[in-house]
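See structure below.
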Amino acid sequence: MSPTTTTILISSLATGTIITASSHHWLMAWVGLEMNTLAIIPMISKQHHPRATEAATKYFLTQAAASATILFSSTTNAWQTGTWDIMNMTNPTANMLLTMAIAMKLGLAPMHFWLPEVLQGSTIETALIITTWQKLAPMALIFMTSNTLPTTALLTMAMISTLLGGWAGLNQTQTRKIMAYSSIAHLGWMAAITTIMPNILTLNLVLYLTMTTSMFYMLILLNSKNIKDMATSSTTSPTTTTLTMLTLLSLGGLPPLTGFMPKWLIIEELTTQNFTTTATILALSALLSLFFYLRLSYSSTITLAPNTTTTKHKWRFKPTINTTLLTTTLPMSLLMLPITPMIC
């Protein structure tokens, strides 16, 4: 893909997200979402491989259906209320349709089936964009309409997503599919707190983006596409392998790493609001996710000790990406927990 084409596509991605996040009219929000979708399609299918074409087709059909549902829900609300204002979604039917459409755009269960397949058919760099930047526009809509979205539906989808994200990730060997189910589980945690405490939703989203970006950059550096690649990565760079293990544990929510902070705050707030059943299910589902993170961490470090040498030769490690973003996000993904008392 030529630099000019890449620049146009990335600019379109950024512009679409900004248009959606800054809109007050549903039609402009829909335009931003469509720009996002149309810009990411060539990036998914740039490999010219049948698997990439299949992933691009699945992504396009899913996102087009979700965008059409958003337009239908906003039209229904405008028919009843006479306004296209995003902040004025008062029709219950329109709110339920909007919730389903945004869940489909994000990959929340039970509308999650497209996400693992699309990530598996994409490159790791494109998978990084899909699991991070592409979540911003739908999350902006969720944040703007959080006062009117149905709490029961969101809590139900949150429980299904966290359970399914942990359960389905247990049997995976491909790192991109593991990150897809990790994304589904994390989005479930965010959905659980959406209508109760939007500030914690924002914090969770920021930390999710930070940890996921760090993890994908590690996978790119180590060129790890499956667990077998992770098992041999320690001979490439022991330091990077160790940091990868810590990032995985942070994604799993193991204290005292950063990933524990949003889970702690969400469970505390759900318990305070008397959603104890939901809080219990979310806490138990975190154990499922933590299991496959631990398995991946174990596979990446199991060969670390036997393969280290005392020679003075440099490790066979050639960075293939700009590591500036990694050095920014990695400390945040590992060391943010001590600031929790100041946030509370």
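Glycine too: its Cβ is placed from the backbone N, Cα and C atoms.
Of the candidate ranges 56-74, 132-150, TrEMBL annotates residues 56-74 with the feature transmembrane segment. Cross-referencing 23-42, 243-262, 323-342 with TrEMBL places the feature transmembrane segment at 243-262. Count of Cβ pairs under 8 Å against the transmembrane segment (274-294): among 94-115, 152-171, 178-197, 203-222, 243-262, the largest is for 152-171. When the stretches 94-115, 152-171, 178-197, 243-262 are ranked by Cβ pairs under 8 Å to the transmembrane segment (203-222), first place goes to 243-262.
Within the same chain, the transmembrane segment (178-197) stays apart from the transmembrane segment (56-74): fewer than three Cβ pairs sit under 8 Å, each pair at least 6 residues apart.
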